[in-house]
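One structure is given here, and the rest of the page talks about it.
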Amino acid sequence: MKFTKMHGLGNDYIYVDAISQKIENPNEISRFVSDRHFGIGSDGLVLILPSDLADFKMRMFNSDGSEAEMCGNAIRCVGKFVYDKKMTDKSTITIETLAGIKVLEMTIENDKVVLVKVDMGEPILKAETIPVLSEKHPVIDEEITAKDYCYNFTCVSIGNPHAITYIENVEEFPLEKIGPLFEIHEKFPRKTNVEFVELIDDSTVKMRVWERGAGETLACGTGACAVLVASVLKGYVGRKATVKLLGGDLTIEWNESDNHIYMTGPATTVFEGEIDI
């Protein structure tokens, strides 16, 4: 299997052109290639496929083999993958995902993609669609307790579920201990991604994320979008802000005119190779 390892702010995946090669058992392949000791090492696997609805289709799998609806960092890399490999000559493309069709605008320098702006669509705020078991709409400050820990979560879906809460110091927060307790909490029928956020100022927030099916990652694009939406709903920031993640910064905007969220950030190729599967 020919592959390209890429990352968006350190959120790394193995990217495979599944148009020119047939890929079977992607769940198993993702578990294998993601292993950082016995495989290639990544947060998961991304397949680029043909689409009847868009320019391309992406399917993505977490390191535990589960399939995810969308990943903001991964979709930026898909844009770079198809442009840099001359699978398209367009700088604006559409990608079909399980979370709908996304539009990518790519910034090109020296015939390579350096930045990608993604129209992530409208945020989902309805409890049963996120999904989260709550009577609130929107779900702001839902008190949830797991073991001895209690937080007020604001819940948003960006095609995948997110639960966001605010703390004073994200760097010292024991995420690996507390994150998984809420990821699998019974309030979330399909589990959830969990974001812990520190407010810097009215246009900057800092976050760490415990991703559903992957654990802590250096960055989560949909998580950054969800954090911006939650922070606007709570009156903490304006509609455009910098979201600081462990792997770097993303610019997120929640546009008032079309209600869409726009995410802008880098996409980086690490190396290419072949592996027996």
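Here the Cβ of each residue, glycine as well, is placed from N, Cα and C on the backbone.
Look at Swiss-Prot and you will find C71 tagged as active site, proton donor, backed by sequence analysis. If you draw a 10 Å sphere around the CB of C71 (active site, proton donor), it holds 31 other CB atoms from the protein chains shown.
C220 (active site, proton acceptor) falls outside any helix or strand according to DSSP and counts as coil. Taking the Cβ of C220 (active site, proton acceptor) as centre and 10 Å as the limit, one finds 35 other Cβ atoms among all the protein chains shown. If you look up Swiss-Prot, you'll see C220 marked as active site, proton acceptor.
If you look up Swiss-Prot, you'll see N11, N62, G72, N73, N160, N193, E211, R212, G221, T222 marked as substrate binding site. Cβ contacts within 10 Å of G221 (substrate binding site), excluding its own Cβ and spanning all protein chains shown: 27.
Here the Cβ of G72 (substrate binding site) has 29 other Cβ atoms within 10 Å, regardless of which shown protein chain they belong to. Of the listed binding-site residues, namely N11, N160, the sparsest CB environment within 10 A is found at N160.
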